Each structure stands twice: as structure tokens, then as C-alpha cells.
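A short worksheet on the structure shown next.
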Ligand SMILES: CC(=O)N[C@H]1[C@@H](OP(=O)(O)OP(=O)(O)OC[C@H]2O[C@@H](n3ccc(=O)[nH]c3=O)[C@H](O)[C@@H]2O)O[C@H](CO)[C@@H](O)[C@@H]1O
């Protein structure tokens with residue numbers, strides 16, 4: 001029997017890569033030949049290229065900007081080049097199926113797959129679909145959604161709600177190793193601050209501006225984003241990292257509460273790991289507002305508190321964090337009711353069905 005081959009795509013931010021990272025080991029176990037198409041410099045290259053047994057291919061990418069830039073005139077040519085490159089890679093590697101996690105790099109890949117007659121499955125993890133995925137929907141064989149509510153925004157005939165795919169390794173964290181690595185103790189609760197995979201300048205400023213008060217009550221792991229470390233801060237109970245990849249599971253295990261943006265992958269990880277969370281979604285001004293809807297859905301289900309970015313001040317952060325901590329048991333109780341939908345197993349089943357045609 002000829003070798004089974006699957007091609008993954010997705011990138012731009014870690015949110016468009018993490019689900020692929022959760023699925024790749026499963027397909028490796030089943031003996032698939034794995035290819036990945038990403039951009040030349042995106043985070044997907046850093047996260048995927050080092051993986052053993054995965055061949056990473058870079059293609060040219062464009063971006064749709066919300067502002068005027070002379071790059072906007074060059075982008076259609078970059079995308080056409082990407083389409084041509086993706087088509088050549090697909091023609092050469094001959095995957096039986098393609099799995100796309102979205103982001104701009106994925107659009108030419110999904111279009112090329114259609115031209116090459118290879119079935120593509122798209123995954124949408126946000127409450128409302130992103131633009132790259134929307135552009136890709138006509139070319140896809142199936143669309144999978146994390147939130148049940150997202151089904152209202154997807155083509156009815158080929159969409160399925162499957163739930164959140166969470167990396168298996170995150171469940172294997174060790175609290176003691178995490179605390180030891182951080183130089184923290186058990187006497188005060190530990191808060192993890194995550195501004196999404198790229199960090200959030202506004203959240204960083206609010207946390208750093210309130211450190212004196214915060215550190216009286218808690219210890220802080222601050223995942224602040226690339227280029228956003230502040231080396232002038234050297235405080236007991238406060239550690240900062242740009243981005244943590246391999247040790248993240250132990251840091252999660254060491255954390256009692258989370259302060260975070262409301263990117264979909266991140267918040268479902270917090271939920272799966274049962275961490276009460278204060279969510280500060282990216283504002284409508286800076287995005288299509290998807291994180292606000294993600295956060296609202298979690299607030300409605302009793303998993304989270306929400307603090308609007310426009311209302312973010314040091315005082316408000318402290319007040320909301322204290323409230324979150326005082327209601328810990330209620331949040332944990334709601335989270336106990338959450339049943340993970342065996343999403344990973346279902347995605348794998350759907351991919352394998354499509355692969356057989
Ligand atoms: C600015 C932007 O466009 N944000 C979008 C992006 O967010 P973003 O790329 O931040 O994605 P998510 O919040 O969904 O996920 C972040 C992922 O990065 C991981 N992580 C983070 C920090 C770290 O140090 N180590 C680490 O591994 C988290 O565990 C999580 O798995 O994609 C999400 C999913 O489509 C969207 O909901 C967000 O609106």
C-alpha cells in the first residue's frame with residue numbers, strides 16, 4: 001500500500017498553528033508522511049520547522065491590512081506567487097488530504113488544493129470566522145468549528161461543530177517543577193498573564209504599572225510577547241518571558257488563575273486545565289471583535305470574567321482580579337461541568353474519511 005500523506009497549513013500567529021501542533025503527532029503515530037506549508041518568517045516556521053519528521057515548505061504570502069500601505073499594492077502579486085508555489089508543492093508531494101488552520105498563508109494553499117483536486121478541511125477556532133478562512137470556505141470540503149455558535153456563520157452543508165482541540169502534553173504538567181523553575185513558593189497564589197501568542201502592550205503596561213499592589217497578594221508569570229521584556233524589573237515573585245514553548249505545561253500547572261487576551265485556543269486551554277480566568281479581549285478598534293464574542297461566551301457559561309480593554313486601568317485590574325480570586329470555587333464548579341468533546345479524535349476521524357474520498 002502506498003504511503004499515507006497529509007499536508008498541514010496555517011500561520012501568522014500561534015493561534016493558527018497550535019491545533020496543527022496537537023494533530024501532527026497523532027498522524028505521525030499512524031505513519032503518515034507530513035508536509036507543512038507556511039510563510040518564510042512567521043511563527044509557524046519557528047514552531048514547525050524543528051519538528052522531526054515534518055517537511056516545512058515556505059511560500060510567499062500577502063496580508064489584508066486595515067490601513068493604507070504601499071504593501072497593499074504588492075500583496076496580490078505575492079499571493080499569486082504563493083498560489084503557484086503551493087500548487088507546485090502539492091503536485092510534487094501528492095498529499096491525500098490537506099488540513100488548514102487559517103491565517104493568510106493558508107488561503108493560496110487551500111485554493112491550490114482545489115485546483116489540484118485534493119480535499120481540504122478547514123478549522124475555525126473563533127466564535128466568528130476570520131477573513132482568511134472566509135476566503136477559503138468555497139474551496140473547502142469540510143469546515144470544523146470550535147464554538148457551537150460559530151455554526152450560524154458557516155455554510156450549512158459542509159460544516160461540523162467539533163469543539164476545541166487541545167495539545168495533549170498540556171495535561172502532563174507538574175506543579176512542583178513549575179514552581180521550582182520559576183523560583184516561586186506555595187504560600188501565595190500564582191497568576192499567569194498571557195497577552196495572546198504575541199503579547200499585549202496594553203496588558204503588559206497595566207500589569208507592570210500595578211506590580212507593587214499585585215505582588216503583595218500574588219506571584220506573577222508574565223508571558224509578555226516577543227520584544228516586550230522589561231529588563232529593568234527585578235522583583236521577587238515576578239518573572240517574565242517573551243514566549244514559552246516546551247515548559248508551558250509546568251507553568252500552567254503552577255498557575256492558579258489567568259489574566260489573558262481571549263484568543264480561542266488559549267481560553268479553551270485554560271478551561272480544559274480548569275484555571276479561572278480574567279479575560280481582556282482585543283478591542284473592536286483593533287480587530288473584528290472576535291475575542292469579545294469568545295470572552296462573552298465564556299462569561300455566559302460561568303468560566304470567566306471579562307474586562308473591556310477600554311476600561312483597563314491598574315485599579316480596575318486589581319479589583320477584578322480580587323473578585324476572580326474570591327469566587328474561585330464558583331468558577332471551578334462551572335468548569336467541572338465542561339465536557340471536552342473528544343475534538344481531537346473527531347477531527348482525525350473526519351480527516352481520514354475525507355482522505356478516502
Ligand atoms: C492578535 C490576533 O490576531 N489574535 C488572534 C490569534 O491569537 P493568538 O495567536 O494569540 O492565539 P490564541 O490566543 O488562540 O492561542 C495562543 C496560543 O499560544 C500559546 N502560547 C502563548 C504564549 C506562550 O508563551 N506560549 C504559548 O504556547 C497558548 O498556549 C495558545 O495555545 O488567533 C486566535 C485564534 O484564531 C484569535 O482568537 C485571536 O484573536
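Glycine too: its Cβ is placed from the backbone N, Cα and C atoms.
Features as listed in TrEMBL:
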type	residues	note
DOMAIN	6-144	domain 'Glycosyltransferase family 28 N-terminal'
BINDING	13, 14, 15, 167, 197, 291	UDP-N-acetyl-alpha-D-glucosamine binding site
DOMAIN	190-345	domain 'Glycosyl transferase family 28 C-terminal'
COILED	307-341	coiled coil
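Positions of the features from TrEMBL, shown on the structure.
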residue : record                                        : Cβ neighbours (10 Å)
13      : UDP-N-acetyl-alpha-D-glucosamine binding site : 18
14      : UDP-N-acetyl-alpha-D-glucosamine binding site : 21
15      : UDP-N-acetyl-alpha-D-glucosamine binding site : 24
167     : UDP-N-acetyl-alpha-D-glucosamine binding site : 19
197     : UDP-N-acetyl-alpha-D-glucosamine binding site : 22
291     : UDP-N-acetyl-alpha-D-glucosamine binding site : 28
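Break the domain 'Glycosyltransferase family 28 N-terminal' (6-144) down by DSSP state and the numbers are 63 helix, 29 strand, 47 coil. Reduced to three states, the DSSP call for residue 291 (UDP-N-acetyl-alpha-D-glucosamine binding site) is helix.
In the three-state DSSP scheme, residue 197 (UDP-N-acetyl-alpha-D-glucosamine binding site) falls into the coil class. For the domain 'Glycosyltransferase family 28 N-terminal' (6-144), the model's pLDDT averages out at 93. Residues 13, 14, 15, 167, 197, 291 are the ones the record ties to UDP-N-acetyl-alpha-D-glucosamine, and the longest Cα gap between any two of them is 21 Å.
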